[in-house]
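J.: Shown below is the structure under consideration.
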């Protein structure tokens, strides 16, 4: 069977995702669709608006056959690590293709950019170091280095967020010598950061989340009816949704009870930041306020949000040390599947080298501990007994079985 | 001037405390009263119903002249350490007497018990070890050892909570070679653990707290009108009071994000307990529920509450290591005073060897860090911006100046 791999967050699943899904199937002639999805915390370092279980339902309802979780250790990372973890899982699941959305829409430009940087590796790295020394953030340094290096060639605009991710998918495939063939589809309208509805059926996830928190009926115009159905239970119950502000008291408590030394053990807390964090937490009255206080030119907003996520989940450098050795996932955790997905999995099961986890109790791994801790933290904002019930769910829930609609 | 020392918690200040205060002044012919008071967390391992600032006001209004804080490292401890810290502060402040409440009411029985145990030290310690091996708690082992050793002598009933504390005060005075003379006054009615009102004007602090949470007007019968005045702002605002249940979400979050290894770094977490804590936190839906799940014959309820307090404030064995070397306080933190108290302090200031802290920014010590962390944790249950305001208060508040009424 021809399996198509997608790398997704579905926060929540909307018409743009549906467009990408159906176009990708057409483009790759796929028989089956596998999505590797971030769990409860996302690449930009924020909690997903609803749980991975609800987002899995949306995905399968809308046509995905198999949803597996990208471990926390890869999901809450810069593009490179995020891509490495995701690609390794899709490769292990024997996907023949990976199709990503991009601003460019031209796969040859990604392949070319990858080739180009392999051939100019040394010069590229020197340029990155040069730009970092000027005090800009790491992503900006990458973009500037690539721009000056490829000046005149017009290979690929790496200042655009989906082009960057796509570039890293292609690079990961190359580095891991994966058999997956990369495809890309031009993203249709709605920029990643758009906050307002701009087209009649497609809107950014950001604007959709904003509308959900404002409890606007308009949302139904921008998401499949399956998403509406799943989101229905949150109507007028916004305290069951998730956003950073709901976690601020836990973040503040966490930081207030840690010494600067303790802070330095946390992943992504670089020398100097511990001081800045400790100094600004006392007076910060909200997450937004705190972020604005610690923001500098040197660190992107996203980078600092990821750091806050690690502070919230108490993820230490030592706990993350696995990925210093290997940037491929050590297991595959199933979140949900259709019967077609189940059939595919059965057919390839014996050839998969990674352990496949249906139930948490059956497998142990330091990175899985992080997933469990992240899930526990994610549910910590609810009152009892709901909180305890959701904590049990994480252990007790078998992969969701649903049919595509 | 003849200074009387008291060791108090005033949670809250009630008629029984007032009775003890006035009787103690009479008994000792004191000119001035100094109270060393637990801060926001108390000896039984629980948060005080209202802040140390409010409790200081009650104390001064009712006749105490100087209130100083017993550091967290001594306040949340077994009787022995609690007594050592308290006595060392009263001695440093040149108190001529210490007067404590007891079930016995006869100071000679305490002196005798102390003498008796010094003379039978070896046998006493062997008996304690013997009883501990049978699986009972440490306090029970002490009581049993003393009972069998003093069998027939009827020296002092060390199974009663105030007798135990009193015994340790006398022992501390002896060990520290303090010049303080101990006195005791028989506690008038209302047992420590009484939950209901039993007399017409004196009730236990437990029953008074219960009535405050039930918002009962009756409380006014059992506390001085100064306490009523301070407590007035909490009327119909019970979420501004403090009890363990309000902290349960923070405790749960804290435990869920710690590994068993991390738990073992926390003060009072003995080998084996880390497992029990971790196993029972998932399903516990309240603090009471959690405590009942982890309770065994081996550990008293109080001991486990103290452990939970250290888990909540993230107080590590390493941070508490100071008291392994010295069980005397390294500083004196002023909480409040009357003009008489101020005058006394000025008159003895130059002879006091310990640093006297009026403002947090003027002094640094590992134990003071713990006080600051405890104060931060204590205020963590409030919404913003109140929480941030109270955090600033801890740094900015100079000692309270009030007159006795």
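Glycine is treated like the rest: Cβ placed from N, Cα and C.
Remember, TrEMBL labels are computer predictions, not curated facts.
Annotations for this protein, taken from TrEMBL, read as follows:
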BINDING   B:7-20, B:101, B:162, B:187  ATP binding site
J.: Could you list the residues of the same chain, at least six apart in sequence, whose Cβ is under 8 A from the Cβ of residue B:10 (ATP binding site)?
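T.: Residues satisfying the criterion: B:17, B:35, B:37, B:55, B:58, B:59.
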J.: Please report the number of other Cβ atoms within 10 Å of the Cβ of residue B:7 (ATP binding site).
T.: 24
J.: For residue B:19 (ATP binding site), which residues of its chain lie six or more apart in sequence with Cβ-Cβ distance below 8 Å?
T.: B:188, B:202
J.: Would you count the other C-beta atoms found within 10 angstroms of the C-beta of residue B:16 (ATP binding site) for me?
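T.: There are 22 such Cβ atoms around residue B:16 (ATP binding site).
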J.: According to DSSP, which kind of secondary structure is residue B:19 (ATP binding site) found in, if we only use helix, strand and coil?
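T.: Residue B:19 (ATP binding site) sits in a helix per DSSP.
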